[in-house]
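Reviewing the structure listed below.
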Amino acid sequence: MTTYDVLFTIAGAISVASALLAVSTKHLIHSALWLIVSLVALSGCYFVLGAEFVALVQLLVYVGAVVILVLFALMLTRAPIGRSHEHDTPLMQRAAALVVGAATAALLATVLISAFGNDKKRVDGGTTHALATRLFGTWVWPFELLSALLLVALIAALALARLPIGRRDTARGAVK
Amino acid sequence: MIHSALPMIVVGLLFGIGLYGVLARRNAVLVLIGVELMLAAAGLLFVTVGSLTSDAMRAGQVMTIFVITIAAAEIAVALGVILAVFRARGNIDMAQAGERE
């Protein structure tokens, strides 16, 4: 066990445990709050792997923006405070989902470990300077395309929010 | 130095948990949380492979930044759709999606 191993195990265990709570808790708001813990721990994993810029972007964008959006959506759709059972799935469906999820996790981990082996590898995250040179050199066109994508998403979200939708009868096209 | 199996196990577990969240939840916002976890697993895989192999172009980290940006755009549009569905139907229950009142 190296220091990297220990640090990564701690961050990864926190991330996986809080992700598990995020998908299993009955409190809707707690689910979004556990997602924050999981994503912060994941950005700790990025730090251990030497990708400090990605870790900071993860903190800023995910924890700062995405989870806040999710919390807004929960409140705007009148999520109940406290435990709620009105959206419970049948036990059969949850058991089937558990089997599928566990099988996918086992399959992915097995395939990835057999592809990369379990040797000790040197962690080389590079410097932020090198990353910036690559981002605005080799990858500059995809980067510019992304800014266009963000603009399109902004306008699309605005248009969706302003759609004139009534309840049921008046909006058959939108409900269909 | 790090054992390369550790990040792979975390990737597998995060993706499996996200898939469970997508399949076992009926509230549309909670389904989105499962999707976010699956995207996070993909990003962790990109960064891991970028850091543990010789990655002169820094493609692993750049791709993760792109995935994070696309996820932010996706969630903005998805929440717009969810709010529109809530205004039209009065609930966001995935089990009733596609049903007429």
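Yeah, the Cβs are placed from backbone N, Cα and C, and that goes for glycine too.
The feature transmembrane segment is assigned by TrEMBL to A:6-25 (among others).
Summarising the annotation, TrEMBL assigns transmembrane segment to A:32-49 (among others).
The annotation transmembrane segment is assigned in TrEMBL to A:55-74 (among others). Sequence-distant contacts of the transmembrane segment (A:55-74) (same chain, six or more residues past either end, CB-CB distance under 8 Å): 28-29, 32, 35-36, 39-40, 42-44, 46-47.
If you look up TrEMBL, you'll see A:95-116 (among others) marked as transmembrane segment. Outside the transmembrane segment (A:95-116), and at least 6 residues removed from its termini, the chain residues within Cβ reach (under 8 Å) are 89.
For the transmembrane segment (A:136-161), no residue of the chain approaches it from at least six positions outside its boundaries, judged by C-beta separation under 8 angstroms. Positions annotated as transmembrane segment by TrEMBL: A:136-161 (among others).
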For the transmembrane segment (A:32-49), sequence-distant contacts whose Cβ falls under 8 Å of one of its Cβ atoms, 6 or more beyond its ends: 4, 7-8, 10-12, 14-16, 18-19, 21-22, 25, 55-56, 58-59, 62-63, 67, 70-71, 74, 123, 125
Residue numbers, six or more beyond the limits of the transmembrane segment (A:6-25), whose CB comes under 8 Å of its CB atoms: 31-32, 34-35, 37-39, 41-42, 44-45, 47-49
